[in-house]
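> Below is one structure. I have some questions about it.
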Amino acid sequence: MFDSIPIIDVGPLVRKKGDEDFREDPEVRNVVHQLDLACRNVGFFYVSGHGIPLELCQAVLDVGHEFFSQPESQKLRIAMSSSTGFRGYQKLGENVTKGLPDQHEAIDYFKEFESTKVALRSENPLVGLNQWPDSVSKFRPLVQEYLEMLIELARTIMRGIALALGGPKDLFEGERAGDPFWILRVIGYPPISNLSCLSNPNGEEVGCGDHTDYGLLTLVNQDLDITALQVKTQDGKYIWVDPIPGTFVVNIGDMLTIWTNGLYQSTLHRVMNNDSKYRVSVPFFYEPNFDARVEPFSFLQDSTAAESKRYTPVVYGDHVINKVLNNFG
Ligand SMILES: N=C(N)NCCCC[C@H](N)C(=O)O
Ligand SMILES: O=C(O)CCC(=O)C(=O)O
Ligand SMILES: [Fe+2]
């Protein structure tokens with residue numbers, strides 16, 4: 001049970017990640033304990049002290065606003081389709097959650113596959129090249145710089161989570177997530193009140209319907225002047241996730257649920273932009289290796305035991321392909 005989202009200063013993890021005595025360091029232990037509580041009880045937390053400049057986060061949101069404010073014809077020049085590997089721009093309502101169209105537009109980026117892995121091409125619908133808008137000149141260099149920093153930050157937080165589980169600090173390296181897949185979405189949410197045609201026949205319009213994220217860890221960078229993200233508590237109530245300057249909103253994904261045999265559950269969340277302003281958010285999704293086989297850790301099975309709670313193993317890539325194909329029918 002929870003009614004608020006904890007704030008965790010991960011400064012010690014970031015500063016001491018190369019230290020020999022990382023595991024035993026009292027400041028690191030303290031962060032690790034907070035991560036454990038947040039992952040067990042909430043599945044969501046804010047991260048401060050991460051070292052990513054606020055100006056870079058803001059600049060990424062700014063180019064998002066600039067892109068979405070363009071005429072549709074301009075945006076469609078980088079349109080997403082099955083022939084781009086589902087990478088690129090999707091119009092309002094194109095993404096579907098639990099059968100209902102989401103009231104957001106977005107550009108989706110996925111890690112590109114190495115061209116040498118030819119075998120992937122024929123059977124993997126996500127193979128393709130990322131689509132960059134040349135109409136917003138700073139877009140590509142900014143987003144690429146941002147991506148590199150977020151991959152590193154997420155890897156560092158996963159090292160803390162590895163210790164929180166009582167595992168070795170490289171629990172999520174190697175065959176599990178040493179060559180992590182990633183997804184980045186630049187998302188625009190018009191004010192719900194502005195929507196000219198309502199798509200949901202039997203209820204409220206949502207910017208993004210109830211869902212859990214697919215992989216390991218999501219880091220959300222969101223406009224600071226609008227509250228729109230909501231997290232569902234165990235008793236079915238939603239709580240608003242107010243933006244806090246200098247933080248990311250972090251949540252755990254489905255693969256961590258399986259690896260931890262349900263100890264750390266991915267939490268349902270949705271987006272409602274009831275504000276009168278247009279909202280941009282940029283979630284970054286840090287994922288396992290594309291071909292990682294994900295199954296409950298044997299060292300956790302005793303403590304998380306009840307046989308009925310055993311999670312079925314999946315290959316991460318199969319899970320994400322399924323999700324993406326469902327999102328776009
Ligand atoms: N890559 C991630 N996690 N994207 C999350 C999008 C959530 C909505 C999507 N239509 C769904 O139903 O999953
Ligand atoms: O816009 C947000 O704040 C979160 C979006 C989200 O949950 C997602 O894309 O998975
Ligand atoms: Fe999400």
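Backbone N, Cα and C atoms are what each Cβ position is placed from, and that goes for glycine too.
Curation plays no part in TrEMBL annotations; they are all automatic predictions.
What TrEMBL records for this protein is below:
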- 179-288: domain 'Fe2OG dioxygenase' (DOMAIN)
> What mean pLDDT score does the domain 'Fe2OG dioxygenase' (179-288) have in the model?
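Residues in the domain 'Fe2OG dioxygenase' (179-288) carry a mean pLDDT of 93 in this prediction.
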> Is it possible to list how many residues within the domain 'Fe2OG dioxygenase' (179-288) are helical, extended or coil according to DSSP?
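The composition, in the requested order, is 9 helix, 41 strand, 60 coil.
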